[in-house]
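Participant: Submitted below is the structure of interest, expressed as structure tokens.
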Amino acid sequence: MRISDISRLAWDQVKRRKVVTGLCMAGISIGCAAIIVALSIGESAKSYSEKQLNQSFKMDEITVTANGGIPSHGGEGGGGGATPEASDKLDPGKLTRQKLDIIQGLKHVNAAAPFQELGYIQMLTMDNRIADVQVIGTDLRLLTKYDKTFLQGGGSDLPRMAVLNYGATLGLIDDETNQKMLEGFRNDPYNVQLREQYDSLSVLPSQMYQQQFQLQQFKDYSNPASKILQSAPLRVIGILNKASGADDLMESYNKIIYVSLETAHQLVEELSMTNGTVGQEGVYNSAIVKVDSTDNIVQVEKLIQKLTLTTSTNLYQLEQLADEFNMVKKVALGVGVFILIIASISIIVAMTMSTHQRRRQIGIMKVLGANMGQIRNMFITEAALLGMMGGMLGVLISYLIVFGINKLIGTAAGPVPGDGIIINIPIMTIPIGIAFAVMTGVFSGIYPAISASRTNALTAIKRD
Amino acid sequence: MLRVENITHSFKNGSESTPVLHDINFTVNPGEMVALLGSSGSGKSTLLNLMAGLMKPMEGDIYIADHSIVKMSENKLSEFRRKHIGFIFQAYELITSLTVRENVELPLVFQSVSPSIRKQKSLSLLEKVGILDKADLFPSQLSGGQQQRVSIARSLITEPSVIFADEPTGNLDSKTEEEIIGILLELNKTMNTTFIIVTHETDVAEQMQRIFALRDGYLVSEKGSLVGMEPKGGISIEN
């Protein structure tokens, strides 16, 4: 029997038996929609959380630091016992330019750049406004490789140039106002008005692009006579965009100035900084490795560790999240499958009833030469068709449900800064949902199909 | 063509056994048109069902085109029926969801014959039975006589060795009955198809080439021809 004939005969029955078709489709479509919506919510929530995590913790980055051989302060001694002069370029424990070059050459590594932390110092603008900032020495041209985008300007390897993150352009206030504020807090820590005033000043933006500034040591207020070391002026050649989803207040707590490694070296000398390896040429205290995918983090991390370097990632956050969402998905999938089982039972009942109603027709077909397999196939095809139609209806229903949920979320959340959670139906869940529906149809159709194929032709065509 | 050998059959109801056929023997030659005549309960329908392979006899054997159908498995029998046996039912038994042409084509569908050949054959047969213009209608749009013509066309489409007709005119008025019998006789003549027609009507049976009469499960008479019949075993047909 040709597939086209089996399908046509099955389709005829599906069209003809509207009540059975409607009942079966209703059951399957609800089950299918439940599965699609469950998977979609799970996937959307997971990807939203991953995105949020990635923004906050940079899941696709590995922070590489020197191993035990490098002292945390000062340029000599330490567990490894090697002096800078004695160490070779691949000295165990040290994070050297050569090691970074090797890391850069590893498969799946998009970028490997030193992020030499100079620590927190004070930024002083030309009009005497100050802010506490973190200074990091790196290759300014590689900043874009680390998901950073420029609001103004760009990176350069010229000395005495700096790139400011968005937070570093906020809350620059003069020293006198700063002192008054701090004193006010000391006297009245719970002064709401003062807090509001401080917060509004904290997010006050300054036009820093192409401006000059200096870096200086923190003032020792206990010793007013002490001399404050100041760096030579630096020029702002780029301002970074604020992090996605972050507001100005959040940004104001995170002020970073990026300078070239050469400039970092100069700053260490100008400000007499003694911070680990910052004074050593070609040796760094920290580097960040950007990997093409979070899936390859572990593999790359293991290779880096072979260079006797210490690594840290935020992957555990992702694993924790994955565990939580796997559980959510399992529960949701379980609900969907449960509904499909109920739908399956309704199909078995409806199709068995249909089989009994069509006993005479089955009998005639058998008398006309249809064998058991052909009868069985017709019924299974009919059940599969019901499943497929139910599945397609389920897809439609799932889109309506997701549309409704998104509307609800939108109404409940109001205007959310950044990217709010939006449930999307991943394309892959549609064939999965329909496949589940067809499978339910087929499995549910097996019993009625076997029962139909075993119909005794003579008994079926006999008239009372 | 058809050989019925020592067929004995009874129906069991618990421990009770009701004999319905007793040692039936006869042969039907290719191209013959035979009536199986008998009153209600005489066993004629049971015999038809046995010959069509819808039931297995308790004793004896049945051969169609030299194949014993008694020993065949159900699937083998389905395949055999598909190729060698045609059916005409008293109540036509058309599939209401299919058009006239689709109903006629149905036995070929089970043989996986291509749609173009099926269409060609079905239209040709519908023309033969005089309802070509009704090909695209549904059975419910036809009269009883027209439905029976569809049933006849359907039985012929596989060019079977033998066609069993169970009271083919039982649901029809006398005028339509004449038309249908006329069609069957014509088809027998032109296509040389073997027909075995079960009937309780003597006037229908008398139009056949031979008559096998049954009474209480016994084959009581065999009529060789309509004119000058010589009852075998000296027993006449009784109604």
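Cβ from N, Cα, C; glycine included.
Below are the features listed in TrEMBL for this protein:
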COMPBIAS  A:71-82  compositional bias 'Gly residues'
DOMAIN    A:335-456  domain 'ABC3 transporter permease C-terminal'
REGION    A:68-91  region 'Disordered'
TRANSMEM  A:20-42  transmembrane segment
TRANSMEM  A:331-354  transmembrane segment
TRANSMEM  A:375-401  transmembrane segment
TRANSMEM  A:421-447  transmembrane segment
Participant: Please give the sequence-distant neighbours of the transmembrane segment (A:331-354): residues at least 6 beyond its ends with Cβ less than 8 Å from one of its Cβ atoms.
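Facilitator: Long-range Cβ neighbours of the transmembrane segment (A:331-354): 13, 17, 20, 23-24, 27-28, 30-32, 34-35, 37-39, 41-42, 379, 382-383, 386-387, 390, 436-437, 440-441, 443-445, 447-448, 451.
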Participant: For the transmembrane segment (A:20-42), find every same-chain residue at least 6 residues outside the stretch whose CB is under 8 Å from a CB in it, and list them.
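Facilitator: Hits for the transmembrane segment (A:20-42): 14, 325, 328-329, 332-333, 335-337, 339-340, 342-344, 346-347, 350-351, 353-354, 386-387, 389-391, 393-398, 401-402, 405, 423-426, 429-430, 432-434, 436-437, 440-441.
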Participant: Would you kindly list the residues that approach the transmembrane segment (A:375-401) from elsewhere in its chain, counting only those six or more residues past its ends and only Cβ-Cβ distances under 8 Å?
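Facilitator: Those are 1, 6-7, 9-11, 13-14, 21, 24-33, 35-37, 40, 343, 347, 351, 355, 362, 365-366, 425, 430, 433-442, 444-446, 448-450, 452-453, 455, in sequence order.
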Participant: Residues of the same chain, at least six outside the transmembrane segment (A:421-447), with any C-beta under 8 angstroms of its C-beta?
Facilitator: 24, 28-29, 31-33, 35-36, 39-41, 43-45, 48, 336-337, 340, 343-345, 347-348, 351-352, 379-380, 382-388, 390-392, 394-395, 398-399, 402, 405-406, 409
Participant: Write out how many residues of the domain 'ABC3 transporter permease C-terminal' (A:335-456) are helix, how many strand and how many coil, based on DSSP.
Facilitator: 99 helix, 0 strand, 23 coil
Participant: Roughly where does the domain 'ABC3 transporter permease C-terminal' (A:335-456) sit in mean pLDDT, to the nearest integer?
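Facilitator: That stretch averages a pLDDT of 84.
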